[in-house]
C-alpha cells in the first residue's frame, strides 16, 4: 500500500529543518565556474576528448555532510586556488536549466567521489551503455595511469575529495544524486506524466535509484525524494503553487536579455486578427465510421447547418445556455492550456495535446493512441457529397508513425516528448516543404470554387479557431485542451476554407456524463467570435487570463427568464438593453484607461496625436471659417486641385463605365420631364432643348472645375416653381421674361461673390431637418397637385361624350399626333387614355422601385431593374400609346435638330436691354430681389446636397467643396440666361444615386453584418460623360416626339409620392391618426410625449399651409423668403416651446446611409427632392 499525503504532512515538511530543500537556482555553480557557450565545431572536438567513468555501487553507506552555503563556497574557492598551474585548467560545464541547447545536446557526465569510496574494479562496475561506448573509443595510457575526467582538472587528495564532494553537493541538488550507476542529470527526465504519482500504481514509489541510497535513506527520506522527483514543485519550497499554463519557454543564458523584457517585447509584437470559427462534432456516419462533421461556423454571427437539408441557415446572434458557460469555465479551469505552441503540423499538435492531457491527469496513458486517432480523423463539411468526381483533399494520416512511440509500457528511461518532435520545432525547412506536408493546398477545382464565395466574406488577415467536441466511449471523464499556436498555420483539410489556424479547442468525454458537449463547443465558439474575448485569447499569459475573459463576457451577457415568448415584440427591449450595457462597458474601459495612463503612454499618446494631426490635414472641417476673405474658396482649391491627376486616373475602372450608363438614364428622364413641364409653364419660351443644352454645358464645366465632381447638376422642382411664378409676374407687369432673367443672373454673380468672400456656406449648418422637411413636403404637394390639375385640364379639353362628330377627327393624323397650329379639342377617348398612361407610368415606376427591395429574383437583377425603373416605365407607356393609333394624345413638343423650342418667339442670344421693347432701368436694379430669392433656392439645394454626399459614413477621402461648388453653379447659372437657358442646381437624388453607383462595397462582410464601404471612385470623368451623353440626346428629337405629356405627368406624380415616403414629417402625420400602442420604436416616439410630438408636427403643417397660400397668390415669388424664415423660427421660437432633449429627438438627422443593396433607397436617405 502506498502512502497518501495530506496537509499535515506538508506542514510538517515545511517546518522540519532536515527536510528543507533549496530552490534549484541556489545549487547552480558560481558565475566564474560556468562554462562559456562554445561553437558547435569546438563542442564536437571536446566531445571526442571526454571520458566518462562509472562508479560502482558502494557497500558502505556514504557520509553526507551538512554544511552552510557560505562554507561550501569558501571551500570551493580554496580548492580552485590549490590547482596545479601546469595542468590545463578546464571550467565546469555550464548548467543552464531549461535551455534548448542543453536539451538538444548531451550534457557532459561529471564523475564524483565520496569519502568512503574505494577504487572501482572492472568486476564490480556496472557501466551504463553510454559509458561502455566511451570506454571502447578511449584507450588507456601506457603508464597505466587513470583517465582524468574533463570536468576535474586534478586528482584530489582525501581531504580535497571531501571538500570537492561538499562543494559539489552545494552545486548539485542532493535529490539528483543517483549513485555510481547514475552519474549524469538529463533535464528531459524532469518531464513526467501525472500517473507516475498515483499512490496505488506508482512505479517509483519508495524505489531508490541505487543500492547506496537504499542503505543510507530512511522511509521519510524516500518519501521526500519521491515528492521532489515526481510531484509538481519546480524549484520552489514546499508550499503549493499553481503552475503556469503557458508552454515551457526555454530559459536564456546569461548573455541574453531577461525574461521580463522578452515577454514585453513579445506582447508588443502580437496583434489580433479577424476571426473565423468552425465547430466540428465527432459523429458516426452511415458507414459506421467516425469522422468530424462541421456543425456551425462564426464570422461574426452564428450560422448552423440544418440537419435535414444539410445546408446553411441564416446568420443569427448565438443564444447560449448559462449552464454551458459555467461548464466551459469549469472545463478551462481544470483542462490543459497550451499557449504559444511552436508546431506546424496537425500530428505534431495532436501529439503534444495528448501528452499534455496525460500529464494533467485528464486521460490515462493507455488512451493515448485512441485519443490521437480521434483527433486525426477526417473532417467533412456540408455539401461534400455533392461534389461528384471532385473530392475534398482529406487528411487520411496513418497512425503507424505514432504507434512505435506510444506503447503502453512505462519506459522511464525515455522522455515523454520524443526527440523527433523536438527536432521538428527547429526544422524550418521541413515546415515549408510542401512535398512532405500532410496537408497540401488543394488544386483549383470544384471544392476551391465552391468555398470562394465564403472566402470572400472573410477578411484577408483572418485567423481561424477550430473547436472539436464529441463523445467517445474509451474515456472515463471529459478531457479538454486549448492550444494557441505561436504562429498561424494552414491546415487545408481541417477547415471548409483555406484560412490559417491559430487556436484549437478540443473537448472529448464519455456519453454517460450530463455534459452537453455541443453546447459547450457553441459557447466557446461564441466567445472566440466576441471581440473582447478574442483579444484576451491573443494576449493571455496563463489560464487565469482566459477565466477573467469569460467572467467579463458573463458580465455583459443577458439572461432571459425561462418563459414562453409569443411574438417578436416581446423581445424588442433586449437589443436596447444590450446597447446600454455595452455603452456602460465602454465607459468603464475608458475610465480605467484614463486612470492607468503612465508617463510612457503619455509620450506615445503625444506622438499619436501628432501623427493624427498629420493624417487629418485633409479632414479639416470645410465649413469652418478662416476669418480672411475667400478663405474657404482658397482652402477648397488647395485641397482638391493637387489631386486632379488622380481624379482622371481613378476613372479607369469598369464600375465607372456601368455608372455612366446608369446615371445617364437617371439624369435624362428628369431632364425630359422637367423640360416638357417647363415648356408648358412658360408657353414655349424654354423647353426640352434649352434644358438639355444647359444640363450638358454646365455639367461638363462643373465636372472639370468642381471641388466635389460627384455632384450631378440638373433642374429641380423648386426652380420649376420659381420659373412659373416669375413668368406669371412678368406677364402681369408687362416685362420681358427672358430679359428679366438676364439681370437676375447679373445680380446672382454679385450675391455669390459676397457670400463666398464672407465664407457664408457655414449657414447651411442652421438649415435643420425642420426646414428641409417643410421644403420637401411643399414641393411634393406641388408635384402631386400639378399632376392632377393637368389631368383635370385634359378632361376639360377632351370631355367624355355619348357621341362624337366627324369634325373631331379632322385635326388628327393616323398616328394620333397633333397638327401644329391650332389647339385640338373634344377628341374621343383622349382623356381616358391620358389617365391610363399617367397612372400606368406611375405604378410601373413605383412597383419597379419596390421590386428592387423585395425578395424576388437575384440581387443584381433587382438592382438593375430598380435603377432603370423610370426609363422602363416611360418605354412601356410609349409602346402602349403607339399600339393605339386611333386615339389622340398630346405629345412632347421638341424641335428638330439644334434649335430653340419656339424659334418664332426668341433666338439663342438674349439682349440685356430688351428684345421687342426696352427693359425698364428701375427693373434692372429691382431684379436684385428675385435674384436673392433664386439664390436662396440654389444655395439650399446645393449645400444640403453637398452635406448629404459628404457624410462620414460614405468615406469620401478627397473632401468636399462647399465654397468652390457654390461659386461655380451660381456663376455658370448666371451666364445661362444670356442664351435663354434655365438655371441649374445640384440635384439631390441624382447626386446621391451617382455616389452610390461609384461606391465599392467590401466583399469581406460577415453574413448578417451591415455592408462596409471599401472605397468610392472619386473622379471627374463619369459626371462629364453623363453630361456629354445628355447633350447628345438632342439628336433624339424624333424619338422624343413620341412621348405623350401624360407619361411625363406620371413621372411627376412618381417624384412627388416617392419623396413623401422618405420624410419624417409624413410618418408623424400618420402617427397622429394611429393608436399609441401601434407606434414604432423611433427616437422621436419614445423620447417625446405624444401630444408634444403632435404639436411639433402641427407647427410644421402650419408653415406649409402659409407657404402654399403665398405660392397661390400674386406674391408667389416670395415663397423662398417665407421658406428661409423657418430657420429663425426653429432657432429662436421653438427653443422656448420645446426642451432641448425633445428637439434633439424631433429635429435630428438620424437617417444614416443604407449601403445594403437589398434595402437601399435614396429617397429614404434624404429630405430633399429629385
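Cβ coordinates are placed from backbone N, Cα and C, and glycine is handled just like the others.
As given in Swiss-Prot:
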- 32-53: compositional bias 'Basic residues' (COMPBIAS)
- 67-76: compositional bias 'Acidic residues' (COMPBIAS)
- 17-96: region 'Disordered' (REGION)
- 112-167: region 'Disordered' (REGION)
- 239-267: region 'Disordered' (REGION)
- 657-1170: region 'Membrane (anion exchange)' (REGION)
- 657-677: transmembrane segment (TRANSMEM)
- 702-722: transmembrane segment (TRANSMEM)
- 744-764: transmembrane segment (TRANSMEM)
- 774-794: transmembrane segment (TRANSMEM)
- 828-848: transmembrane segment (TRANSMEM)
- 864-884: transmembrane segment (TRANSMEM)
- 919-939: transmembrane segment (TRANSMEM)
- 966-986: transmembrane segment (TRANSMEM)
- 1020-1063: transmembrane segment (TRANSMEM)
- 1104-1124: transmembrane segment (TRANSMEM)
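Same-chain residues lying 6 or more positions outside the transmembrane segment (702-722) and placing a CB less than 8 Å from one of its CB atoms are 636-637, 639-640, 647, 663, 667, 670-671, 674-675, 677-678, 681, 691, 694-695, 775, 779, 782-783, 933-934, 937-938, 941-942, 945-946, 949-950, 956, 959-965, 968-969, 972, 982-988, 990-991, 993-995, 998, 1018-1021, 1023-1024, 1026-1027, 1055, 1111, 1117, 1119-1120, 1169-1170.
With Cβ pairs under 8 Å as the measure, the transmembrane segment (919-939) is packed most heavily against 744-764, out of 657-677, 744-764, 774-794, 828-848, 1104-1124.
Long-range contacts of the transmembrane segment (828-848) within the same chain: residues 787, 791, 794-795, 798-801, 804, 808, 865-866, 869-870, 872-874, 876-877, 880-881, 884, 887-890, 1044-1047, 1049-1051, 1053-1054, 1057-1058, each at least 6 residues beyond the stretch ends and with a Cβ under 8 Å from a Cβ of the stretch.
Counted over residue pairs separated by six or more positions, the transmembrane segment (744-764) shares at least 3 Cβ pairs under 8 angstroms with the transmembrane segment (966-986), which defines the two as touching. For the transmembrane segment (657-677), the partner stretch with the highest count of Cβ pairs under 8 angstroms, out of 774-794, 864-884, 966-986, 1104-1124, is 864-884.
Counting residues 6+ beyond its ends, the transmembrane segment (1104-1124) has Cβ neighbours under 8 Å at 718, 721-722, 725-726, 728-729, 732, 771, 774-775, 777-778, 781-782, 930, 933-934, 936-937, 940 in the same chain.
With a threshold of 8 Å between CB atoms, the same-chain residues lying at least 6 positions outside the transmembrane segment (864-884) that come near it are 662, 665-666, 668-669, 815-816, 833, 836-837, 840-842, 844-845, 848-849, 851-853, 857, 993, 997, 1042-1044, 1046-1047, 1050-1051, 1054. Averaged across the region 'Membrane (anion exchange)' (657-1170), pLDDT for the predicted model comes to 84.
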